[in-house]
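The domain 'Major facilitator superfamily (MFS) profile' annotation in TrEMBL covers 40-507. Under the heading transmembrane segment, TrEMBL lists 38-62, 77-97, 106-123, 129-151, 163-186, 202-223, 295-317, 367-389, 396-415, 421-447, 454-477, 483-503.
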Amino acid sequence: MVENKSEDDVVTTTTFLTAQSVRLDKAIEMIGFGKFHYYMLFICGTVYIAVSISLTSVSFIVPSAQCDFQMTSFRKGFLNGASMIGMCIGSFIWGYISDSYGRRKALIFCMLMDGLFNLVSSVSQIYSVFIFCRMMSGFGVSGCTITYAYLGEFLNAKYREKFLCWMEIFWTIGVILLPCIAWIIIPQTFRIESGFFLFRSWNLFVIICSLPSIITTCLLMLLPESPKYLLVKGKHEETLDCLRFVHRWNNKKTDQSFPVISLTLPDRISETSKGFFSGMGKSLFELITSKYKTVLAITCIMQFCVTASYYMMMLWFPELMNRLRWYETTYPSAQNKTTMCEVLSMYKVEPNALADVRCNDDIDGSVYLNILIVGVACLPLCFIVPLYVNKLGLRFFLATCLFGSGLTAVCLYYISSSMEILAFASVFEALSSTGFGLIFCVAVELFPVEYTGLAVAIGSTFGKIGSIVGNVVVGIFIDAYCIVPIVVSCSFLLFSGFLIFTLPKTIRNDSKGNEN
């Protein structure tokens, strides 16, 4: 009897809810949680795998293509930074596009751009063309942060934080897969040459690295647009169609059992401006003059500091390891341990000394293994955060990652062996990369739908500026004053950790007009 009464209550409640307009968050809860959301996580995660492979592949391309392009140290540095330049330009633009024309459309075009320009770069025979392709690839993948908004807008509050945190594991999978792919392909010695055209193993490696982006483009075409984006644009029927699509996936039922009749529209409908640049300027002005401007400023500062610190450390590690190995080989029986900064000042590669040396584009096998180890070291934290985020909260894990990576940076000064630098890199990568993802998760929660894409993209732009600043700081001080990057990196991370506690704890609603 109790069971029957409970079922009747559920039916009565559902009938009451569907007889009137309901808010979108409630409608998302009513249509159920199921396999569609796991499929969405898989597709959005695949986007992150593709981006991870695309961005980090340059670390293998630079040494293996240096002879074909006759790259000096300056040219190598410019190639390393080409993607970042493209990302710095593209982040803001893709954010506006996602808020004005749709999350799904923006993701499709940005991933397609990345895949196509990577394909073109694979057969490029001219350094300047290759640089341009890498820059345009970076421009494309800069829109990948939209995946957080896109995925989050299909989820109710119960699952949103947990699912967004699972995204980090897909980035780590990309970091793990890349050295495996490179280890198989790049050491191959085949050479296809015909006149001006030359095709070697690194060219094939670039082609394979472009395939995940092209595949994810096709998969994204099969998904619907974000229901929260559709509703904030006033597209009521399209929003219902989207929810029906999700309902069919989750419940294997016909539209007759669809529990939602009508949705409550936001008080303000966001309209797309006819002029692209005027619309982008208008959206930016509205955001920076809204009540969210303080939150935007804080998240931008955090993105700048965390990204600058990350690149000050992570792009430094291969150089640190090479110099420490040189020291260990030269002085194998040294009794007194020398600090890392002393080793760095002892070993400097002078360009003139290499002028007469035959070009060598071989990559030592230990490089692949070390990057693989660093990626695997990130896995435990990638599982821990999603499993406990609902219990402990996003801010707890974000603060832990930032304070932890900041204190880890302090330890760098006392490192004295290549094995210690590998262990340090593993811990720092795990903490800082997880912190990256959590900042995007927090941003998705703090901004309303009409501002989410633009706000996340602006923060990402500040992050790319930070990456450039970080590279400059290391380049200036690495030989003579290596303590400077360590202090700056540590300070940035600890400062960002304290900024977390200034952010509001409320999560965003369907739109500005629905706050209650």
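The backbone N, Cα and C atoms fix where each Cβ goes, and this holds for glycine too.
The stretches the transmembrane segment (202-223) and the transmembrane segment (421-447) are not in mutual contact, being linked by fewer than three Cβ pairs under 8 Å (pairs 6 or more apart in sequence). Contact between the transmembrane segment (483-503) and the transmembrane segment (295-317) holds: at least three of their C-beta pairs are under 8 Å, each pair 6 or more apart in sequence. Between the transmembrane segment (129-151) and the transmembrane segment (367-389) there are fewer than 3 Cβ pairs closer than 8 Å, counting only pairs 6 or more residues apart in sequence, which means the two stretches are not in contact. Contact between the transmembrane segment (396-415) and the transmembrane segment (106-123) is absent: fewer than three CB pairs lie under 8 Å, with pairs separated by 6 or more positions in sequence. Counting only same-chain residues 6+ beyond the ends of the transmembrane segment (38-62), those with a CB under 8 A from a CB of the stretch are 71, 76, 79-80, 83, 107, 111, 114-115, 118, 134, 137-138, 141, 144, 147, 150-151, 154, 163, 166-167, 169-175, 177-179, 181-182, 186, 202, 205-206, 209-210, 212-213, 215-216, 219-220, 223, 249, 318, 363, 371. Counting residues 6+ beyond its ends, the transmembrane segment (454-477) has Cβ neighbours under 8 Å at 77, 80-81, 84-85, 87-88, 91-96, 98-99, 142-143, 145-146, 148-149, 283-284, 287, 292, 296, 299-312, 315-316, 439-440, 443-444, 446-447, 484-485, 488-489 in the same chain. Through the fold, the transmembrane segment (163-186) approaches residues 37, 41, 44-46, 48-53, 56-57, 60, 64, 147-148, 151-152, 155, 201-202, 204-205, 208-209, 363, 365, 367-369, 371-372, 374-376, 378-379, 382-383, 385-386, 389, 394, 397, 433-434, 436-438, 440-441, 444 of its own chain, all at least 6 residues removed from its boundaries and within a Cβ separation under 8 Å.
Proximity of the transmembrane segment (421-447) to the transmembrane segment (77-97) is not established, fewer than 3 Cβ-Cβ distances being under 8 Å for residue pairs spaced 6 or more apart.
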